[in-house]
Amino acid sequence: MTNIRKTHPLMKILNDAFIDLPTPSNISSWWNFGSLLGLCLIMQILTGLFLAMHYTPDTSTAFSSVAHICRDVNYGWFIRYLHANGASMFFICLYAHIGRGLYYGSYMFQETWNIGVLLLLTVMATAFVGYVLPWGQMSFWGATVITNLLSAIPYIGTTLVEWIWGGFSVDKATLTRFFAFHFILPFIITALAAVHLLFLHETGSNNPTGIPSNMDMIPFHPYYTIKDILGALFLILALLALTLFTPDLLGDPDNYTPANPLSTPAHIKPEWYFLFAYAILRSIPNKLGGVLALLLSILILIFIPMLQTSKQRSMMFRPFSQLLFWTLIADLLTLTWIGGQPVEHPYIIVGQLASILYFFLILVLMPTVSLIENKLLKW
């Protein structure tokens, strides 16, 4: 008799995706982040659900409802900090996953890659609206500053901002709709993740060499399930260490002050995972220019497959491209640091140079160096 997992309509889908899936035999731990992102998503949905049971999306009670969760709800503080730090772990995994895709040429699976970029944008939107919910000072002013950027859009900008706000300033209507968005978006992310997997399983996984591995596949279970469980344990350990020892390490102290429209914080800045984009936004003195640069800093990922000039898919055997890749990582870390600094000398010029380098590396240097490496292959 055939095993039920191979015949049952629903079990068959799961079997083909997680058990009998043919997987390259040589993929490294960098391929672990896909499943870790799935774990993060499940964790965020569950902790978020329990938080939503006690949270009230109203300007007069939002801040105190979060305090109530932390003080009066059983393990409320734990759920709240798991959710807040879980978002940070989510972005760490997300950036590692994208970095892996860039390094090993996974972007050549264009459908999978484009859905991935869409997923990144959706996760960023979810994190942004979620940060507004505790209704602290940074929540309020972050929402005001970032939504106000839309007013830079010619002709319809101001109308658009007031439409998103639901009034003439960030207020009760804004908070209510942001809570609604924050609740619905994770389910959209789940659906997109399923499509992401669907497209991936059409082509099969890439591997570190970038060479087709159809002749050397092994079943996903047990070989990679066991490796994924190890990765998951590391992730959970890191998350628990962060949550139980230094829960506020990545947060902003200003968010422990209730939102006050009459007092602006000295330095308005988003969470750490948005700082690189925020630095690019601030490095351009023009409002519309800054908004376009901000958008392009993320959307540039869509153009990566079109900028592929190398004959080799992976960077594994391309030392010059590797050097540029790690320069890009260093540049992004520099931008992240600059995004958290005040707008004054020398941070302004460093941010501008780092922003120029970011686009120059991706659009000019990497494709050019790939062409040079192609020439070197003929020597």
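Glycine is treated like the rest: Cβ placed from N, Cα and C.
Per Swiss-Prot, heme b b562 binding site is recorded for His83, His182, and the stated evidence type is similarity to another entry. Taken from Swiss-Prot, the feature heme b b566 binding site applies to His97, His196. The ubiquinone binding site annotation in Swiss-Prot covers His201. Summarising the annotation, Swiss-Prot assigns transmembrane segment to 33-53, 77-98, 113-133, 178-198, 226-246, 288-308, 320-340, 347-367.
Geometry remark: His97 (heme b b566 binding site) versus His201 (ubiquinone binding site), CA distance 17 Å. Neighbours of His182 (heme b b562 binding site), defined as other CB atoms within 10 A of its CB across all chains, total 21. Beyond its flanks by at least six residues, the transmembrane segment (33-53) meets 69, 79-80, 82-83, 86-87, 89-90, 93-94, 96-97, 100, 182-183, 186-187, 189-190, 193, 228, 231-232, 235 of its own chain at Cβ-Cβ distances under 8 Å. The stretch from 77-98, 178-198, 226-246, 288-308 that makes the most Cβ contacts under 8 Å with the transmembrane segment (113-133) is 178-198.
The stretches the transmembrane segment (288-308) and the transmembrane segment (347-367) are in mutual contact, each linked to the other by at least three Cβ pairs under 8 Å (pairs 6 or more apart in sequence). Counting residues 6+ beyond its ends, the transmembrane segment (178-198) has Cβ neighbours under 8 Å at 17, 37-38, 41, 44-45, 48, 52, 55, 57, 112, 115-116, 118-119, 122-123, 125-126, 129-130, 132-133, 143 in the same chain. It is 24 Å from the Cα atom of His83 (heme b b562 binding site) to that of His196 (heme b b566 binding site).
When other Cβ atoms within 10 Å of the Cβ of His83 (heme b b562 binding site) are tallied across all protein chains shown, the result is 21.
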